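Shown next, in structure tokens, is the structure this report addresses.
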Amino acid sequence: MRVHGEVSDDEAAAAAAAAGEPVPLSPPPAPAGQQRLVVGYALTKKKVKSFLQPKLLALARKKDIHFVSIDETRPLSEQGPFDIILHKLTSKEWEQVLEDYREEHPEVTVLDPPNAIQHLHNRQSMLQEVADLNLSNGYGEVCTPRQLVIMKDPSSIPDAVAKAGLTLPLVAKPLVVDGTSKSHELSLAYVEASLPSLDPPLVLQEFVNHGGILFKVYIVGETIRVVRRFSLPDVNTYDLGNNDGIFRFPRVSCATNNAEDADVDPCIAELPPTPLLEKLGKELRRRLGLRLFNIDMIREHGRKDRYYVIDINYFPGYGKMPGYEHIFTDFLLSLVQSKYKRLLSGS
């Protein structure tokens, strides 16, 4: 019997054919003793397309993992049963539905709790956890750019910037991150006179020269993967003297800006040290209460061991991460295995 909303083998085959990929075969029966894992998902159409790729669905079936679409028009308690719920919807109504469900069904793992995700919906609170870490060890130092929140009245921005002692140029980002493309529209302000043309509420961050390379640090449970992306080029004295407006730019960390195979100065392209990332990932998982997120990180140009976290995103575009289907299915299985070990031990 097919669970309501389950992605069928025929649908996976059709998706694979449409994508020009090999058609996934029906998986062999699960090994004796292997638990069938049902993952309910509540995602936008865009997220379903980017995340539930044919290669993920095919591998999931081989591991007896079944993805089931959650119908938002029906009570969640009438659907399932689920082992795990995977979601990225931002409405207040959905968040309340999910919180109520968690109370009624503590045996179901929700990735991730809505109240924990809230920290990443606001760019002020998002980076505060990193700043509070004051992370520094033998492998480097992790900082956050100095920043200022502007809630309203664009005409007051120059005075607020001067009072806070921020140095131009400044990166302007919408304060609220709500999953829309608008929340990722960024601007670079070179001179004080251009600041009143910005549109609050927003966060102003001091721009840090970083050699034009950004590191996307993907977190999936305890697993960490890093990829390079092209970012904004460094700003010099000439740029400051010859730009008098606001430079608006698209999301710089998208997959089309892949810098993995680019001819870049090795000192700039070198990935952050693994021990530093492991420490950062572990501390943020604990502080944020999240298991699915990514960190946008830069290295200050000329400072080999100083890094800045400039953004954190919940449930990012894992489909852009090499080998994500293996990492994600292993992660889902590990959650259930951990749960059964706890049950067996009586803890």
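Including glycine, each Cβ sits where the backbone N, Cα and C put it.
Listed in TrEMBL:
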BINDING   K47, K88, H184, K216, N313, G317  1D-myo-inositol 1,3,4-trisphosphate binding site
BINDING   R123, K173, 205-216, S231  ATP binding site
BINDING   D296, D311  Mg(2+) 1 binding site
BINDING   D311, N313  Mg(2+) 2 binding site
COMPBIAS  13-23  compositional bias 'Low complexity'
DOMAIN    38-117  domain 'Inositol-tetrakisphosphate 1-kinase N-terminal'
DOMAIN    138-333  domain 'Inositol 1,3,4-trisphosphate 5/6-kinase ATP-grasp'
REGION    1-31  region 'Disordered'
I need the nearest neighbour of F207 (ATP binding site) among the binding-site residues K88, K216, D296, G317, using C-alpha distances.
D296
Annotated 1D-myo-inositol 1,3,4-trisphosphate contacts K47, K88, H184, K216, N313, G317, maximal Cα-Cα distance (Å, integer)
19
Top Cα neighbour of N209 (ATP binding site) in the set of binding-site residues K47, K216, D296
D296
Which of K47, R123, H184, K216 has the fewest nearby Cβ atoms, counting only those within 10 Å, among these binding-site residues?
H184
If I take the alpha carbons of H184 (1D-myo-inositol 1,3,4-trisphosphate binding site) and I213 (ATP binding site), what is the distance between them in whole Å?
18
Give the residue counts of the domain 'Inositol-tetrakisphosphate 1-kinase N-terminal' (38-117) per reduced DSSP state, in the order helix, strand, coil.
36 helix, 17 strand, 27 coil
Distance check, please: Cα of F215 (ATP binding site) against Cα of D296 (Mg(2+) 1 binding site), rounded to an integer number of angstrom.
6
Where among the binding-site residues F207, F215 do you find the Cβ with the fewest other Cβ atoms within 10 Å?
F207
C-alpha spacing of D311 (Mg(2+) 1 binding site) relative to Q205 (ATP binding site), in angstrom:
11
Fewest neighbouring Cβ atoms within 10 Å among the binding-site residues Q205, N209, S231, N313 goes to N209
Using Cα coordinates, what distance in whole Å links K88 (1D-myo-inositol 1,3,4-trisphosphate binding site) and R123 (ATP binding site)?
18
Cα of N313 (1D-myo-inositol 1,3,4-trisphosphate binding site) to Cα of G211 (ATP binding site): how many Å, rounded?
22
At a 10 Å cut-off from the C-beta of G211 (ATP binding site), count the other C-beta atoms across all protein chains.
18
Rounded to the nearest angstrom, how far is the Cα of D311 (Mg(2+) 1 binding site) from the Cα of R123 (ATP binding site)?
8
Could you state the CA-to-CA distance between K216 (1D-myo-inositol 1,3,4-trisphosphate binding site) and D311 (Mg(2+) 1 binding site) to the nearest Å?
10
